[in-house]
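The transmembrane segment annotation in TrEMBL covers A:7-29, A:35-53, A:60-82, A:108-131, A:138-159, A:165-183, A:195-217, A:261-283, A:323-344, A:356-376, A:466-488. Per TrEMBL, the feature domain 'DUF112' maps to A:20-440.
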Amino acid sequence: MEFLGNIGLGFSVALSLTNIFYCFLGALLGTLVGVIPGLGVLAAISMLFPLTFHLEPTTALIMLAGIWYGTTYGGSTASILLNLPGTPANAVTCLDGYPMAKQGRGGVALFMTTVASFFGASFGIILLTLFTPVIAEYALRFGSAEYFALMLMGLVAASTISEGSAIKGLAMVVLGIIIGLVGMDTQSATIRFSFGVLGLLEGVSLIALAMGIFGVAEIIMSVRRVKTADIDPETLKLSAIKPTRDDVRRSWFPMLRGASMGSFFGTLPGTGPSIAAFLSYAVEKRISKTPERFGKGAIEGIMAPEAANNAADQTAFIPTLSLGVPGSATMALMLGVLMIHGVAPGPNLISSQPELFWGLIMSFWVGNVILLLLNIPLIGVWVRMLTIPYHILFPSVLMFICIGAYTSGFSTLNIWMVTAFGTLGYLMRIFRFPGAPLLLGFVLGPLMEEHFRRAMVLSRGDFMTFFDRPISATIMALTGLVLIWSIWSSETVRKRRAPPEGEVALARDATDA
Amino acid sequence: MYRFDYTDLVGGMLLFFVGAGVSLVSIGNYPLGTLPRMGPGMFPAILGVVLAALGVSLALQALRRTGSRPDIRFFSPLFVLGGVTAFALTIVPFGLIPAIVAIVVISSLAELRIRPVSLVLLCLALCLMAPLVFVVGLGLPIPLIRWPF
């Protein structure tokens, strides 16, 4: 009965007029950001975050979460019509979606991916509702040693599993933690690394960091490279979106398998929507009786990944909300937003802020229904967004970034920080250092230091405390395995360089989600 | 193609210098404390060493393989970052509208071609939209135009 009461509480929060409005706004903006290539979800969330300053934390989070899952819905549009993934999580959808569009079945593909997205998201939300409270209750007995071990595992997994060099990922995590330490040390009131700048006492602004590294740097890389789209208006006629009976029959099991795999990989640190989508495509191709149809417009090839990435979008909230340990950069940003609004994340969140927790989760239903309604009739409108020329888009985005940075605190220091992190982000692109681990380290850094120090105090300086306690020892062992595996696999990758064409582009930027 | 992967070589060396710098600053300026009672310098000092070590191993790996030319551009970062800087310099003394014009005009130069008509229209549209969203809609106290002299 308590469970039903919680669900009821959640719906009463999520269905208030204000929250429905901001949920709608978030989903709408998310779809927009997802459709337009060259504008990432991290940049979008940090850019729009200043708009939520004056809102209740619950409402703010509902809107920002709407942006997050909205992008995945919208991202498939660019994948299908342009062969250009709107977000990394939609990259696999290009493989069969674009051939479908070329065969004049683009409308069908857009319609069916929306259905798959909704199916995957629903699957994810149900798991999220069932498991988050259970995990949080279990986590209540965790001490500082366990938390430090969990965060360490999250950071190591997030920086090594997904793509590129493990060393670069780890280095960026460490750099992120160091940037996170700037400012006043909470335990000794010592001011660290502020170089005499008074405004840095409170630390580096999360928003300026995310906007610089993911917004400004992305723009620098995209100027004069992003070409405006050329779309065949014939594919967009509404009559062309009706799937055949064969399409529907072929879609059921791929959707179910995709949603299950997506839910699983969404909860793990380091994997996320991109990897879930990629693996579920591989599975469908392997178990299919007609694998030769894949890559030529097989409907299974778009249904499974789109169900997987949307399920993963939702289940990514499980570790973030139950443990306070985010598994990806976007979740780290959500956690940072919570903390800026003065809400302490962790296993106590559900019991101390039931309105926030249940309201947020139930708002996912509202948001996904809104997205379903937005996407199907408005496909034509979204596609028109693709034709906005980049030379109009990027100065507008820069302007929003600057105003957002300035209004979060009304100090020009935040704009200077955007310039500094834009420069850093551009340098990182040149040296091919990934940005997502840096953001993750930045958010988790201060928490890690706190737990590390506390664990050391409790054990009187004995490092073995991390290995004596059974839960923390297990997590540390897993972390070790991930490290060994990543070093081993990077060695084997180097031995057989030159992966098959097409997969290079997919693997690139896979962590950006 | 180069004989070594110079991109990673330089990147690794930069990481090493940053890490070493962080450690030296922490050890020199902040109390380290002991392990049971860690001071504010201990954690960053450890992290600096880890970063430096990662930098060295990246640089060593780079010596074992060939590399391609890094993708370095000059004008895009110059104008984009220049636009943001111009906004930071103008927003307080001159107000919102001049700052918007400054960032839009300067960052548009990153395209390396000027479209006068579309640029003027874009400036007009954004100068109308931004005050509507931020000043009227959200009620943020930003002066639209100011003359400091």
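Cβ atoms here come from the backbone N, Cα and C positions, even for glycine.
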- prompt: Counting only pairs at least 6 apart in sequence, do the transmembrane segment (A:466-488) and the transmembrane segment (A:138-159) share 3+ Cβ pairs under 8 Å?
  reply: yes
Task: Look at every Cβ pair spanning the transmembrane segment (A:323-344) and the transmembrane segment (A:165-183), keep those 6 or more apart in sequence, and say whether at least 3 of them are under 8 Å.
output: no
Message: If I count Cβ-Cβ pairs under 8 A between the transmembrane segment (A:108-131) and each of A:60-82, A:138-159, A:165-183, A:195-217, which range comes out on top?
response: A:60-82
Statement: Between the transmembrane segment (A:35-53) and the stretches A:7-29, A:60-82, A:165-183, A:195-217, A:356-376, the largest tally of CB pairs under 8 Å belongs to A:60-82
Message: Should anything in the same chain at least six residues away from the transmembrane segment (A:165-183) have a Cβ under 8 Å from its Cβ atoms, list it; otherwise answer none.
response: 155-156, 158-159, 191-194, 200-204, 209, 428, 432-435, 437-446, 448-449, 483, 486-487, 490, 511
Message: Looking only at the domain 'DUF112' (A:20-440), what is the model's average confidence as pLDDT?
response: 86
